[in-house]
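According to Swiss-Prot, the topological domain 'Virion surface' annotation covers 24-311. Feature annotation from Swiss-Prot assigns N-linked glycosylation site to N93, N96, N165, N286, N294; the stated evidence is sequence analysis. The region 'Disordered' annotation in Swiss-Prot covers 172-207, 357-376, 388-408. Summarising the annotation, Swiss-Prot assigns transmembrane segment to 312-332.
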Amino acid sequence: MRAKISSQAAVAIFLALVTCCLGTVIKGLGVSGVFEDTLVVFEKVETEDVGARLVFLGDQRPKNPYGGTVRVLFQPGESGTCSIPLLQVRYSNCTNTSAAVFSGCYRTDTEFSVPRANRGTSPGFVSLRTPTMLDSGDIYVTVHLDHLPRPDAFRIKFVSLYTGNETVRISTKDRAGRDRDSYGGASSPVGGRDSNRRTASRNDDGDLPLALYGPCRPCGKNCKNLREYLLTEESWHEWTSVFAPTTVAPTTTVATTAMRSTTVSFATMTAEVITSTGTVSMEPHNTTTADMVNLTAADPPPSEPVPALNALAIGLVVGGTVASLVFLSVILGGLISCCARRRSARRLLTRSNSAREMEDLAPSSEDARTSRMSPDVVELSELVNGAPLSHRNDIGGDDLTSISSASG
């Protein structure tokens, strides 16, 4: 007896195989994510793609053209009280209904990003430039399809062991005079100028950690279960204003080192850059959310592969149609000429058969022709001519006159 495998068992086996080969597989409402639970970088890298591979499993694949948005959030490893927006990419009019999500889209727009977080090589990934230890934390990838009521979210733990070369000490103060760490968490009141200072690593390009490029949005009671919170429609609408396009933050040069101004809402920040030449202090200054960085204008124009593919497809269809017509015309011409030749050969064969039949029917000698004449005519011809009649044409006008006078 042959055992039958149900569809659910087949899907479970497939997911088990994919999990063993590629990592964790989570099936969401609209899309599924394939990713590694923990991604570790042991040394310096130019860029590192972090995220989840987005796929359609089972009945998730849409039957009509669709669109959607991908958002990437960063929760610093040293602070579990807030999260920072890194990237937002919008995909429109995706007509290719393959297993890969957002493939064959007519338009792809990077609506929001920070200087060190760009769009990855595939949807669902963010490309981090030269990540350091302070870029370690949790990366959340949220995906919202336009035709679905709520988004899907996936969590990837990212760890970088690269320390960087330069060091930055940063402390912040809120209006109450309390120190706030660079990730937005409040600590005890300030005891002195150097108290409760944090040490951050700068990479070779002089860039600050990801946590210092945008305001860390407090998540309150939702921080412990941030992924479950990001699965709600409420969270998607709350983050919409945070991911709105903003202006590019100005840069300040200190001791020949370019340092981007950080963004901490309603806070006063004091920074010291420790270099080989000594310590340079910066005066406290107020920053607003206008310092958030949006690289939409700096991004290269989004690629639109589908129109190009459509033009190529149209060219192939037209060329194939013309070639088919030429091929059919050649075949039809050959058939017509073949039929004409066969018809001509049939006519010639019919004529030759008719001529052969006539020859067979024609008498072979004079005696045979004479034997076919009427006996009376033969007798009269013999009486007049005195000799046997050889042909009908032998009877002339004089013979007829003689016959008539003799009979008279």
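Backbone N, Cα and C define each Cβ position, glycine as well.
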CB neighbours of N96 (N-linked glycosylation site) within 10 A?
13
Indicate whether N93 (N-linked glycosylation site) is helix, strand or coil by DSSP.
strand
Among all the protein chains here, how many other CB atoms are within 10 A of the CB of N93 (N-linked glycosylation site)?
12
